[in-house]
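Below: the structure, in structure tokens.
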Amino acid sequence: MRVMAQMAMVMNLDKCIGCHTCSVTCKQAWTNRAGTEYVWFNNVETRPGQGYPRTYEDQERWKGGWELNRRGRLKLKGGGRLKKLATIFSNPIMPSLKDYYEPWTYDYATLTDAPAQEHTPVARPKSLISGKDMKIEWSANWDDNLGGSAATAANDPVLRKISDTVKFEFEQTFMFYLPRICEHCLNPSCAASCPSGAIYKRAEDGIVLVDQDRCRGWRMCVSGCPYKKVYFNHRTGKAEKCTFCFPRIEVGLPTVCSETCVGRLRYIGLVLYDADRVLEAASTPDDHDLYEAQRSVFLDPSDPAVVREAERAGIPRDWVEAAQRSPIHALINRYKVALPLHPEYRTMPMVWYIPPLSPVVDVVRDTGEDAEDERNLFAAIEALRIPIEYLAELFTAGDVAPVDAVLRRLAAMRSYMRDLNLGREPDGSIPAAVGMSEEEMYDMYRLLALAKYDERYVIPPAHAEQAHALEELATECALDYEGGPGMGGSGPFGEGSGTPTPIAVENFAMLKDRQTSDTVAAPDRSGRVNLLNWDGKGTPQGLFPPKDEP
Amino acid sequence: MDVVLWVVVPYVCLTVFVVGHVWRYRYDKFGWTTRSSQLYEDRLLRLGSPLFHFGILAVFLGHVMGLGVPKSWTEAVGVSESVYHVLAVAVGAVAGFCTLVGMAILIYRRRTVGPVFSATTKMDKAMYLVLATVIVLGLANTVIANVFGHYDYREGVSVWFRRIFRFDLHPELMAEAPLGFQLHGLAAFGLFALWPFTRLVHVFSAPLGYLTRPYIVYRSRDDQQLGSHTPRRGWERTR
Ligand code: SF4
Ligand code: SF4
């Protein structure tokens, strides 16, 4: 047994209202720079829908993740080491910008500067890639709330899987939101695909990061990740991905997306797992067994043997205690309501989801029946094959049994708690029907419905003796790096070359610039453009490419 | 004059090449990348880039053979002059041609595809110019000197080149060579001098280690270096 700790997340999809706050705050924090305009470390997809980048789940086309070879051993779906090197000059399975979308801004200045004229001036969209006028045809959430999905939903690879003949009838439709970040996988195929070995998994907390100094821009990670959560910064020529907000996690704060989530649906905590069994679990022959196999690599943090092994592996005492209180461990292993996203990619994702009961509840309510009654809900779960199969394609490689079980638990909780809330005698047979005790059911309710801040986030800070140099605290003098604060921007070899600026200092310099500059445009020099604050005046460096002569 | 061209210039360029790389690596690890533009456009790239890169790899190997291996060695293993000649011309011409066509496609793409063009730096343009000159001259030499002329570069240019590294100087060998070879040599040394300051540095990150390393890399937060920046020299943590 080799115990390792992993920082993991669970999202409760029933609560997601699709407001995109998480995406926007994440973008503000991490990807509001030139070169990452099209990048959303966090994005929220409406399902059924094509996702972002479009149809990324179609692995026959994009070839992300792992598959089993004929001898039953894991291999990269995109091809082994030799094939990777042979296609390094032009990666045939890398999505191009049109599979994401062409980012744009608006020419706001004409709204105020246009001369008097008969027609109201309009702000025309300008491409952030070429600087030219463009026609907006797609974006990261173009099919939001099923917009236009009568035409496009048929391309949804998940919908296509559950039945070739399923017609997307608007009347009998269902819909839910799926917020996605990098999964910080236990068996990350992005890292395995990186020719330079620049992507690594942090031994302490399992966060998967790209070493910007070692990345050489080979782009294999972009196609290697089945979730398409590594992005290529086209200005710096380096790969970038979700960092699990490691500077915040290190000091015990939740990630930006979780902290700002309006639905308070994200949970963060530690899980302990047995690193020696990861490979075996990821090579489970039958796709349907992958969910169970993934659950089986997690260790019970209350088991004295595990605690002893964890100590031997150098995991600090307070981390083990945090793992015992972890909401993630509870949701995955105790209440068994969280499921992994696409376990069949075999990367062992570490952001899990509680599937939404809402498609079921909505149907029951629409028929005029009591949508709080467990018998009605159980019957509907039996009857509603299409939504359930769809969820199963997402979370259990198509096996409906685990999804059924989760939805029943959620339905049971709903009915059981109604009696309690109305001051009636609670019906102990309801939890028993889904294999839970009354106490467990109440605890699950507490965690899922009340969702107190300190129960949602149990994040042990990185160690105090190291805190002095942690990124977010920045207690070191902000001046003690090349150039001092406020420097940065374009080096002599293109965007961002030269010595990198620490994140905390970069944020500090950017905020100061923004607050003290007289122009409304983003600060020059830094090459970092804050699109949300830019009002269309001026041409901040880095927003538009240099004008080319006609 | 010969001494300047065939002794001073090579040494200066090689020094810049070596020192330049060391400096660039220390100063600019973050800027050390291929600066790939595949994201903007991949139809032309899919054609041009492999053509160019595989072509130039073959050309490189050809140069290792032609410049690095003395004539006596190939003869010792029984490759006669005429066999060598035919092989060199055939392989060299094909590889050179692929490189040239690939490069033409890539330059055309760079100029005509808007986003790619705007991502082109001044250094890129200078580098393309010199690289194209070197390739065109080289290909011209292969074709002209081997098909029409009889200049045996393995007795001249190659010997001169090898001896540069032994500090055994023979500028006269180069002075006797045909003009095409002289120009190709000069342009190549110019390219070496430019090399560390362009995107060509990515050649030295050819990821051969990938073939042997384990798939998943684990790394601990470095005790000496926490946060994203390296402490300046003299300010390392003492623990
Ligand atoms: S989800 Fe994240 S960790 Fe997993 S393969 Fe993709 S980028 Fe890597
Ligand atoms: S902020 Fe929360 S509720 Fe809003 S879209 Fe993101 S995950 Fe859903």
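Glycine is no exception: its Cβ is also placed from the backbone N, Cα and C atoms.
What TrEMBL says about this protein:
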| type | residues | note |
| --- | --- | --- |
| DOMAIN | B:3-221 | domain 'NarG-like' |
| TRANSMEM | B:6-23 | transmembrane segment |
| TRANSMEM | B:44-64 | transmembrane segment |
| TRANSMEM | B:84-108 | transmembrane segment |
| TRANSMEM | B:128-148 | transmembrane segment |
| TRANSMEM | B:186-211 | transmembrane segment |
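Within the chain carrying the transmembrane segment (B:186-211), a Cβ under 8 angstroms from the stretch's Cβ atoms is held by residues 5, 9-10, 12-14, 16-17, 20-21, 23-24, 32-35, 123-124, 126-127, 130-131, 133-134, 137-138, all 6 or more beyond its ends.
Taking the domain 'NarG-like' (B:3-221) as a whole, pLDDT averages 88 in the prediction.
A Cβ distance under 8 Å defines the sequence-distant neighbours of the transmembrane segment (B:44-64), meaning residues of its chain 6+ beyond its ends; these are 37-38, 88, 91-92, 94-106, 108-109, 113, 135, 138.
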